[in-house]
Amino acid sequence: MALDKWADDVLVNSLRKSRLVRFIATEEQPNIIEVDKPENEFGVVIDPLDGSSLIDVNLTVGTIIGIYPGNVLEKGANMIAAMYILYGPLTTLTLTTGNGVHEFLMDEKGAFNLKEKDIKIPDGKIYAPGALRKDYLPQHAKFIETLEKDGYKLRFSGSFVADVHQILHKGGVFTYPGFKDKEKGKLRLLFEANPMGKIISEAGGAISNGKTDILSIKPQSIDVRTPIYAGGKKEIELIEKLMTG
C-alpha cells in the first residue's frame, strides 16, 4: 500500500470512529464522506501526505488540514481552523483558529508543545517557483523576472507544504501558476490552497490565483484546481498588478 493511501486510511478511519465531524473530504477520495451519526456538524478537508513523491529521498513532507463549520464546499475564508504537520528533522504542527498562527513541536512522548506564538510572515527575498520555465505564461514570466532582478533567491523542494512553511518563516513568495496546457494550475483549491492560504493570511500575508484572493472563491467540486501565489502582501500585489493591469 502506498504511504499516502495508508495516511488517508488512518486519518479517515480515526475521524469516522470519533464521530466528531459530519463531512470528510480528502485528496485520495473521489467523493465527500458523510460520517454516520456525527456528534457535530464540522467538515474537514485533508491532504493526507503532501509531497509524498519525495519520501524515498528523505525530504520533508506533511499533512494539511482545514476545518469548516459545516459543508466543505465553501469559501476558504469560512474555515474556522487550518493546520499542517511537517515530518522532517523535527515534527511540527502549525495552527490557526483565526487568532494568530502558532507553531508546536512534538516531543519524544508524542506531545505537541508551543514552539512559536503569533507568527508573522517577515519581509524576505525567497521565491519558490513550481512549473517549468519553458511553460510559463507571459505575465508569470514577467513576475519571476522582476523577482530575480530584485535579488530574490530560488528555494524550491517540490513539497508544497514544506515550501510554504519556509515562506511563512523567511518571507517571499511561493508560486505554482497556471501554465501552458494547464492554465487552471495543478494544485487543489480545497485540500492545498485554502488551508495553507488561511494560515498565510492569518500571519499577515496573502494568497491569490493571480487575480483575486483564493479564500474568496467558492469551489463547485472537491477536485477544483487553481494557480497559487502565496506569501508576502507586496509580492501578491505585484503579481495581481501584472495579471490584471
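Backbone N, Cα and C define each Cβ position, glycine as well.
Residues or ranges marked as domain 'Fructose-1-6-bisphosphatase class I N-terminal' by TrEMBL: 2-114. Marked as Mg(2+) 1 binding site by TrEMBL: E27, D47, L49. TrEMBL lists D47, D50, E192 with the feature Mg(2+) 2 binding site. The substrate binding site feature in TrEMBL is assigned to D50, G51, S52, S53, K186. Residues or ranges marked as domain 'Fructose-1-6-bisphosphatase class 1 C-terminal' by TrEMBL: 123-243.
Structural mapping of features recorded in TrEMBL.
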residue : record                 : contacts (Cβ under 8 Å, 6+ apart)
E27     : Mg(2+) 1 binding site  : D8, I46, D47, P48, R188, F191, E192
L49     : Mg(2+) 1 binding site  : L3, D4, A7, D8, I55, V61, G62, T63
D50     : Mg(2+) 2 binding site  : V61, G62, T63, I64, Y84, S159, F160, V161, E192
G51     : substrate binding site : L59, T60, V61, G62, S157, G158, S159, F160, V161, A162
S52     : substrate binding site : A2, L3, D4, V61
S53     : substrate binding site : G158
K186    : substrate binding site : G130, A131, Y176, R225
DSSP helix/strand/coil residue counts for the domain 'Fructose-1-6-bisphosphatase class 1 C-terminal' (123-243): 54 helix, 25 strand, 42 coil
Mg(2+) 2 site shell beyond D47, D50, E192, criterion: Cβ within 8 Å of Cβ centroid: E27, G51, G62, I64, F160, V161, L187, R188, F191, P195, M196
The domain 'Fructose-1-6-bisphosphatase class I N-terminal' (2-114) - residue tally per DSSP class, helix then strand then coil: 25 helix, 44 strand, 44 coil
Remaining residues near the recorded Mg(2+) 1 site, that is with C-beta within 8 Å of the centroid of the site residues E27, D47, L49: D4, A7, D8, T26, E28, I46, P48, D50, S52, T63, I64, F191, E192
Shell list (substrate; ref centroid = CB of D50, G51, S52, S53, K186; cutoff 8 A): L49, L54, V61, G158, S159, F160
